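Peer 1: Per TrEMBL, the feature domain 'Ammonium transporter AmtB-like' maps to 41-143, 146-414. Among the features that TrEMBL reports, region 'Disordered' is placed at 467-498. TrEMBL lists 80-101, 121-148, 160-183, 203-221, 233-256, 268-287, 294-312, 324-342, 363-391 with the feature transmembrane segment.
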Amino acid sequence: MGKITVENVTSAASNAFNSFARNKSYVIPGIYDLEVEDTNWVLTSSFIIFTMQTGFGLLESGCVSVKNEVNIMMKNIIDVVLGGFTYWIFGYGLSFGRGSLSNPFVALGDFLIDPGVDDPLMGQIFAAFLFQLSFSTTATTIVPAGWVWGEHGFLRNLGVVDIAGSGPVHLIGGASAFASAAMLGPRLGRYSHGNDPLPLGNPVNACMGLFVLWWGWLAFNSGSTYGISGSKWIYSARAAVMTMLASFGGGFWSVMYSMIRNDGKVDILDLINGILASLVSVTAGCFCYGAWEAILVGFIGSILVCFLAPIFDKMGVDDPVGASAVHGLGGIWGVISVGLFADNPKPLGTTNGRTGLFKGGGWYLFGIQCLAALCLLSWGILSTFILLYIINKIVPIRMDPNEELLGADLMEHRVRHNAIGLSRALSALIPIDVELREMMNVPKIGHNPGHEKCLATIREQIEEHQNWISNEQSPPPKKLRRRSKPKSTLVKKSAFSSKRRSPRALSFGTLSYEKDKNYSPNLILRRGGHIIPADRDSVAQRNEFMPTISSRVDKQNGTQFAWID
């Protein structure tokens, strides 16, 4: 028998891996070439990137009307559920599959990916899938991601550089937003008072969404080094710093722009969109820039969005959150800026040894970046138009006008908000659409319908006593109790005693009425030792006499009281 040596073992392992790679279609050495520390970094970044869904949900719900904010949050949930599920079924395979039918336009293979425990690449495959999944739930990146990042992609093979997705993530998302908004049409009454943005539904939510996205962007960009082994950790740190510097540049411009435009006041949406545009812009070349270059890229991205975003409204494209401008225009600039400012991040080879036009690299990289921007923009708009056209033939993509006036929260999720004019809208629309009558019975959020019934009964009792006082009728019975109610409204346990009692109506204590010589002939109401003239105005009587539920017992009279505190 031959002697076993380290060289023999290494050679055998190498041969086994090569045999495995030839016979398994989903082995992509580039995307699965992960060390242990790389896998930790990729997984951690994936978890953080996933929180960007929270940021998008907060930002979007804060920018739309209150009556649609729940619907926006539901949209983001469904985006993860259905988007993630379909990405596992076929999206990942169309982006990074290695089937025999893969071509420069689309990959084919690795559908329903699920490596077994005997697969030597199981950990790397799951880590790579989760990382790409976190990107995919942010935007419809399936085919363009393959063009730019897949080994089969024609743009990648031409030498396109997009580190974290200004193109296949943000540009595709912005182009899809533009096509969708154009097909959907503006909201009812959107331009009745000009092209100025409508009031935000919840400005605080919008600002919170910005902070969550800001946080997620650090993992989005620095995690795209795809590990920290070797020299990757160096450029990961650089990517994080350049991302922040770019956002400083964009934020600085948006503050100046907004103050000039609004007489010294800062508009919330101007600031949010200016910062987001700078983050989108720096994403493509995040670790290929120096400090001043990153600041300049973010600064210009913010300028483009602040000046060009109003054009979309002039075109009649109603985009409540400005995604068409922020992600579309910012994405185009982000892809092109790599061809101008990128340096060669040795030894990673991200740019294939090339540098940007302003770094003495010539026109090739700049030309390829422009071609990529054009391809991605065209694909995003065209594919979205085709898909929505087909969907619209099956299920209308626009709400009925009556339903739009009432809001998607009520009509699609049976969520009725307070103080947003729904009662007025219902009273106006019900004679037109009888089917809306059931919406009158939807309870308002944050209210206990049982409490409303209790308060109505209390109010009725107080009104009866006020009428008796004003009419100087004979005194009522000394002990007043609430009228009998159906069993469903009775309480099993007294709110005013620790003892458990059988079901009964709430008692409002002992109220005694008498004449007082000092105030005769006016009636005096005596309660708990306090004497108050009965000729007080009705508001004062309501405030002083109207009982409410409180967990205390009037020990002086030995009765249980319900008080207003």
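Glycine is treated like the rest: Cβ placed from N, Cα and C.
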Peer 1: Do at least three C-beta pairs under 8 angstroms join the transmembrane segment (121-148) to the transmembrane segment (268-287), pairs 6 or more apart in sequence?
Peer 2: no
Peer 1: Would you mind listing the long-range same-chain contacts of the transmembrane segment (80-101), meaning Cβ under 8 Å and 6+ residues beyond its ends?
Peer 2: 25-28, 31, 53, 107-113, 128-129, 132-133, 136-137, 141-143, 145-146, 149-152
Peer 1: Tally Cβ pairs under 8 Å between the transmembrane segment (324-342) and each listed stretch (203-221, 233-256, 268-287), then give the stretch with the top tally.
Peer 2: 268-287
Peer 1: What same-chain residues lie close to the transmembrane segment (203-221): Cβ under 8 Å, and 6 or more beyond its ends?
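Peer 2: For the transmembrane segment (203-221), the list is 44-46, 48-49, 51-52, 54-63, 69, 163-165, 239-240, 242-244, 247, 268-269, 272, 275-276, 279, 282-283, 286-287.
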Peer 1: Quick check on the domain 'Ammonium transporter AmtB-like' (41-143): DSSP residue counts for helix, strand, coil, in that order please.
Peer 2: 70 helix, 0 strand, 33 coil
Peer 1: Please report, as numbers and ranges, the same-chain residues at least 6 past the borders of the transmembrane segment (233-256) whose CB is under 8 Å from any CB of it.
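Peer 2: That would be 41, 163-164, 214, 217-218, 221-225, 266, 270-271, 273-279, 281-283, 286-287, 289-291, 294-299, 301-303, 306, 345, 348.
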